[in-house]
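**Q** Handing you a structure now.
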Amino acid sequence: MQNQSFVTEFVLLGLSQNPNVQEIVFVVFLFVYIATVGGNMLIVVTILSSPALLVSPMYFFLGFLSFLDACFSSVITPKMIVDSLYVTKTISFEGCMMQLFAEHFFAGVEVIVLTAMAYDRYVAICKPLHYSSIMNRRLCGILMGVAWTGGLLHSMIQILFTFQLPFCGPNVINHFMCDLYPLLELACTDTHIFGLMVVINSGFICIINFSLLLVSYAVILLSLRTHSSEGRWKALSTCGSHIAVVILFFVPCIFVYTRPPSAFSLDKMAAIFYIILNPLLNPLIYTFRNKEVKQAMRRIWNRLMVVSDEKENIKL
C-alpha cells in the first residue's frame, strides 16, 4: 500500500491554549530541560572521568542510561518549549515522522538497557563469585548491541506502519508532540488493525522487558534470605534506585501503549511523565543513593578547583 498523504504539516494543540498557562509551561519546562541534560551529562562525564567506575558494568550501564535520557528528552522537550511561545504550533510531516522515529528509537533502547541493568544486579547478588567472569566486556558490548538493534527495529516498525496511513485532513493533533494514537485519529482510513499493531509492537516490548525485570527482582529477593542483614541492606539499597527508575518509566509506557486507541486526556500527562520528568528524576535517584558516584563527583570538583587556583596563581 502506497502512502497517500496530502497533509504537509500538522498543528499541535500543546498542553494548553491559555497564554498564561503557556508562559508557565515555557519557564517550567525550560528549567526542567536544562536540569535534565545537565544532570545526565554530569553523570556521563563523572563515569568517563573515573576509571574505577568505568570498568564496572553497573556504572557502564548507568552512564549509557544517562546518555539515553539526555537524548530522549532532547527529541521532544526543546520543540515543546519553543512552541509554548506561539499561538499556532506546527510541525512538518517530515518533522513529525522524524520525531516519532527518534522518540521510539531512544525509548526502545532504554527499555532494553534497563533490563540489562536488572540482569547485572541479578548476577552481582545471586552469583557474586562468578560476576567478573559473566559480566565481562564482551557481554556488556553484546547487551549494548542488542539494545541499539532492538530500539532500531522497534522504531522502524512504528514508522513503516505510520507511512502506510493516508492523511488527507484534518491535521490538528491533540497533543504536544507527534505520537501514534493521535496520528491514527487523523488517518483517512480504518485504523483498527493499525491500532492493534501499535499495541503488539509497543506493548510487546514494554510487557516482555517489564516481565523480565519482575522475574529478575523476584529471584533477587528470594536469594536475599541467605544473606546477612548488612548484605541484604546493601543489595536492597543498590536495587532500590533501579526499581524506582523502572516503575517511573514502564508504568506510564504500559498505560499508554497497551490499550486500544481512544481519545484519552491522561495521555498527555503520562507522556510528560516518561518523556520529560523521568529523565530529570533518574540522575537524582541514582546520585542521591550512590556513594561511589557522589565521591567521584567530589573528586572531579576538587580537581577543577585545583586547576582554577593554578590558573589564578599564574595570572598573578
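Using N, Cα and C of the backbone, Cβ positions are placed for all residues, glycine too.
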**Q** Identify whether Leu54 and Cys178 belong to the same side of the membrane as annotated by Swiss-Prot.
**A** no
**Q** Take a look at 57-78, 100-119, 139-157, 235-257 and tell me which one has the most Cβ pairs under 8 Å to the transmembrane segment (269-288).
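**A** By the under-8 Å Cβ criterion, the transmembrane segment (269-288) pairs most with 235-257.
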**Q** What is the number of other Cβ atoms found within 10 Å of the Cβ of Cys96 (disulfide bond)?
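**A** Total other Cβ atoms inside 10 Å, all chains included: 23.
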**Q** Just counting, how many other CB atoms are there within 10 A of the CB of Cys188 (disulfide bond)?
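**A** There are 15 such Cβ atoms around Cys188 (disulfide bond).
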**Q** For a three-state summary based on DSSP, what are the helix, strand and coil counts in the topological domain 'Cytoplasmic' (120-138)?
**A** 16 helix, 0 strand, 3 coil
**Q** Using Cβ atoms and a strict cutoff of less than 8 Å, what residues sit near the transmembrane segment (100-119) while being 6 or more residues removed from its termini?
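**A** Sequence-distant neighbours of the transmembrane segment (100-119): 58, 61-62, 64-65, 68-69, 71-72, 75-76, 143-144, 146-148, 150-156, 158-159, 162, 177-180, 183, 202, 205-206, 209, 212-213, 216-217, 242, 245-246, 249-250, 253, 274-275.
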**Q** Grab the same-chain neighbours of the transmembrane segment (24-47) for me: Cβ-Cβ under 8 Å, and only residues 6 or more beyond its ends, written as numbers and ranges.
**A** 14-16, 53-54, 59-60, 62-63, 66-67, 69-70, 73-74, 77-78, 80-81, 84-85, 276-277, 279-280, 282-284, 286-287, 293, 296-297, 300
